[in-house]
Amino acid sequence: MTKRAMLLAILFSTFALTTQAQTITGAGASFPYPIYAKWASMYEKQTGNKVNYQSIGSGGGQQQIIAKTIDFGASDDPMKAELLAQHQLLQFPAIIGGTVPVVNLPEITAGQLKLSGEVLADIFLGKIKKWNDPAIAKLNQGANLPDKAIIVVHRSDGSGTTFGWTNYLSKVSTEWKETVGQGKSVKWPTGQGGKGNEGVAAYVSKIKYSIGYVEYAYAKQNQLAWASLQNKAGQFVQPSAESFMAAAANAQWESAVGMGVILTNEEGDTSWPVTAASFILLHKHAEKPEITKAVFDFFDWAFKQGKVAATELDYVPLPEEVIQKIQAQWKTEVKSSDGKTLWQ
């Protein structure tokens, strides 16, 4: 090969790499942010393609994908069927995890405190005001519970984590269901708000005798003590990938529009009661086909090569049969403006 030919080959390969590299943007739920950030870092190292994901809350993710200011949205609160239809959006699950109650009690270690759903609801209703309340003491006989006021911390932003939390409380407490209800944002009876899982974790970490709720990875990363919860079977369980997997084991993904299955208060002796899937949203009519294809490529890579990273962060990867259903939808439901299929 001549020097000129070698130079042309190098220039061509450099140009090819440059043109192939893609940057995609996503925003939404803070619940999956730790794993999405990890996946994005790994993906860029392996492929050169960038994924910029902003943790702004599920409400923001839904709003921005509707407004078409991002390439994909993320939400832990599955979008309602009428909105999916109105805005021609495809929704699919990407990861499974769990929300945990976290506490700042100097005498209590992770998993030591036991709470039932009813007691948890009464705490967040402001009815149980002190840590040594008889209802808590009954579940924790022999524990050194302080005679201190409980400081409740909740989310201040529109949040899929809040949706899952309030959905669970609505299932275990009639009073909660009738007075507060469920949603990405609710009128809290008591407490102070933190923005994102990050904000709630920071508040609980700093404020003694507080209680809040965060995705499990945030509890571990911030070295917060979590409570064990009594599940639907009456068993006290610890949060873990295994207990999240147990809750998701019998999920009927195709029973809900957009695969929007809710996994709170599921059956099973080992099921964690506040388990959730986190969902991805994108437009079915791809105005920028190459970008939509890049979104598919990223999540295809994550489903195949991101499982170990997900497990290390205590998330649960999707089962293979669910991935096959998702990718079948990519092929049939998402098209370019000229009707071409973007996923083969």
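Using N, Cα and C of the backbone, Cβ positions are placed for all residues, glycine too.
Bear in mind that the values here come from a model prediction, so they are computed numbers and not experimental data.
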Look at the phosphate binding annotation in Swiss-Prot, where Ala29, Ser30, Phe31, Ser58, Ser159, Gly160, Thr161 are given, and name the residue from Asp71, Asp76, Asp147 listed for that site too.
Asp76
Under 8 Å Cβ to Cβ from Ser30 (phosphate binding site), same chain, six or more residues apart: give me those in sequence order, or none if nothing qualifies.
Ser55, Ile56, Gly57, Ser159, Thr161, Gly196, Asn197, Glu198, Glu215
Could you tally the C-beta atoms, other than its own, that fall within 10 angstroms of the C-beta of Ser159 (phosphate binding site)?
32
